[in-house]
Amino acid sequence: MIMGCVFSLPEDRLVTIDSAQTTRETSFIDKMKKTGKNIVVFYGSQTGTAEEFSNRLAKDAHRYGMKGMSADPEEYDMSELSRLPEIENSLAIFCMATYGEGDPTDNSQDFYDWLQEGDADFTGVKYTVFALGNKTYEHYNAMGKYVDQRLAELGAQRIFDLGMGDDDGNLEEDFVSWREQFWPAVCEHFGVEATGEESSIRQYELKVHSDLNMNKIYTGELGRLKSFENQKPPFDSKNPFLAPVTVNRKLNKAGDRHLMHLELDITGSKIRYESGDHVAVYPINDSVIVNRIGEVLGVDLDTVISLNNLDEESNKKHPFPCPTTYRTALTHYLDITNPPRTNVLYELAQYATDPTEQENMRKMASSSPEGKALYQSWVLDSCRNILAILEDFPSLRPPIDHLCELLPRLQARYYSIASSSKVHPDSIHICAVVVEYETKTGRVNKGVATNWLKSKMPTDNGHKATVPMYIRKSQFRLPFKSSNPVIMVGPGTGIAPFMGFVQERGWLKEQGKEVGETVLYYGCRHKNEDFLYQEELDEFEKTGVLTALNVAFSRDQADKVYVQHLLKKNKEAVWRLVHTDNAHIYICGDARNMARDVQNAFYEIAEELGGLSRAQAVDYIKKLMTKGRYSQDVWS
């Protein structure tokens with residue numbers, strides 16, 4: 001997860017309520033034939049980015065005299081892929097994100113399972129894959145690589161090389177560069193030429209409602225209208241539960257950061273969770289930014305509108321729940337705080353009346369080296385959100401409906417649950433750090449979710465503060481046998497899932513179960529400032545639930561001390577637990593540096609005490625991963 005940037009989920013799907021209505025067709029081939037499409041772009045998306053890229057590619061097709069549609073593999077019968085050659089000059093593009101530890105995204109899980117089991121014959125099917133991932137993760141772009149390789153094994157013809165997008169670097173640039181080479185290759189393959197139509201094509205048309213009943217207007221719900229007033233289980237990403245906040249306290253005693261502990265009440269919701277799962281919360285944007293966008297564009301934000309898809313055959317009737325107001329869209333549904341991607345700049349450029357501003361916007365959206373450099377420095381490095389761009393390009397005053405069409409959806413944020421359901425069956429605990437920083441332009445950027453959570457006090461003028469949430473299952477699990485020892489490494493807010501693990505080990509002990517050694521490596525800056533959960537951890541150590549509590553205070557002495565230094569200091573005990581006692585290792589926190597440094601520490605311990613070469617040590621840890629004895633819950 002990128003600080004100040006986004007985690008997100010697939011868009012709304014339309015659900016047919018009346019069972020008498022015809023159910024949605026699951027044949028994408030029939031749909032393509034009916035609507036004259038010859039390119040289908042499937043997306044595996046967890047955070048909305050792959051879906052966004054897939055929409056952009058589907059839109060691109062029209063510039064080359066072809067017609068494309070974007071499709072969610074979860075909504076269609078993917079075995080129909082073998083029928084694609086029935087359509088002339090047809091092509092399947094896959095934008096596949098990897099989630100977690102090399103896993104498919106939720107919406108492509110069934111497709112992945114089917115590809116693994118299946119023995120389909122894809123002879124004559126032409127395809128290409130663009131993969132979205134993050135280099136700091138162990139299984140970089142695993143899903144994209146797998147789909148690319150598997151389709152070829154099943155006889156499909158790859159017409160352009162696998163694209164590799166790295167979110168640790170510049171995912172947007174990786175995509176734009178790949179796309180610039182991809183389309184000419186497609187033209188050459190099919191013998192078509194670009195139509196030269198560079199104009200912006202609207203996907204949705206605006207309808208302003210003047211006399212609509214207020215009960216018909218969405219006010220922030222994600223699926224069913226009025227689902228926030230009339231809550232019905234089961235709760236999931238389309239139907240989140242409004243959980244009351246019962247505790248919101250600051251964890252750190254001093255320092256300039258704000259670390260917080262929240263408790264969400266799930267009584268009566270039928271929501272079940274396990275230690276190690278993630279809680280997803282849907283935040284809302286800062287009203288100051290929303291109001292300022294309305295001011296700059298001179299718009300009445302309380303206008304009730306719908307944006308209706310011009311392609312009537314599309315499954316996606318609206319870009320966000322409609323009818324609604326511009327205020328609700330900008331507050332609940334749209335991402336207004338992340339730096340906009342280049343396609344947004346490209347489409348909005350036409351509205352800049354100053355030729356220099358228009359040229360700069362087009363340049364940043366181009367694939368020229370100076371354009372890319374300008375986008376990197378002026379947008380990304382300067383952390384300019386859409387409001388900052390409107391303020392710094394005074395002649396840019398787009399129609400607000402077009403802006404709403406182009407902005408990506410505001411996404412759910414995931415937090416590792418900091419409690420055990422054995423001890424807290426009706427409560428979910430969150431541990432988070434409030435994100436706030438000054439940008440190069442002197443503006444203060446605030447993390448959407450953490451600042452919103454910080455303001456959620458248990459009772460607000462007699463009203464209960466609530467948080468829309470649901471659970472996402474994870475693979476981060478305590479050993480099945482409680483007698484297995486565990487080594488947990490979680491500096492900073494990486495402590496979160498281990499609070500749940502330790503609570504659970506304590507509970508198992510109380511039940512009279514045999515519980516193995518429970519060892520924690522935790523790290524923070526200063527003992528007297530940001531030692532999170534110090535009282536609780538000391539108590540766990542005193543009662544013997546924690547066999548060993550090792551804490552690295554990085555800034556309390558001249559030389560910085562981190563968790564990996566403590567692991568190496570205790571190498572004999574660590575190696576005994578891992579090699580002799582079958583310990584399970586868990587790492588939670590920062591992927592970019594900490595997780596890699598900790599993994600290197602384990603390599604070094606295996607080399608030194610196991611007498612292994614570096615290659616053997618790497619293989620040793622890899623085997624632990626395969627056996628589920630080395631698990632990571634990391635973000636970047």
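Cβ atoms are placed via backbone N, Cα and C, with glycine included.
Database features, via TrEMBL:
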- 39-183: domain 'Flavodoxin-like' (DOMAIN)
- 45-50, 97-100, 132-141, Asp167: FMN binding site (BINDING)
- 238-479: domain 'FAD-binding FR-type' (DOMAIN)
- Arg257, Thr493, Ser554, Arg555, Lys560, Val561, Tyr562, Val563, Gln564, Asp597: NADP(+) binding site (BINDING)
- Arg413, Tyr414, Tyr415, Ser416, Cys431, Ala432, Val433, Tyr437, Gly447, Val448, Ala449, Thr450, Trp635: FAD binding site (BINDING)
Sparsest-packed of the listed binding-site residues (Arg257, Arg413, Lys560) - C-beta count within 10 angstroms: Lys560
Distant-in-sequence Cβ neighbours of Tyr415 (FAD binding site), under 8 Å, six or more positions away: His278, Val279, Val281, Ile430, Cys431, Ala432, Ala496
Diameter of the FAD binding set by C-alpha atoms, the set being Arg413, Tyr414, Tyr415, Ser416, Cys431, Ala432, Val433, Tyr437, Gly447, Val448, Ala449, Thr450, Trp635, in angstrom: 23
Residue among binding-site residues Gly48, Ser554, Lys560 with Cα closest to the Cα of Ala449 (FAD binding site): Gly48
Proximal residue to Gly48 (FMN binding site) among binding-site residues Val433, Gly447, Ser554, Lys560, Gln564 (C-alpha distance): Gly447
Confidence summary for the domain 'Flavodoxin-like' (39-183), mean pLDDT rounded: 95
Neighbouring binding-site residues, C-alpha within 10 angstroms of Tyr137 (FMN binding site) - of Lys560, Gln564, Trp635: Trp635
Surrounding CB atoms that lie within 10 Å of the CB of Gly100 (FMN binding site), all protein chains: 19
Integer Å distance between the CA atoms belonging to Asn134 (FMN binding site) and Gln564 (NADP(+) binding site): 23
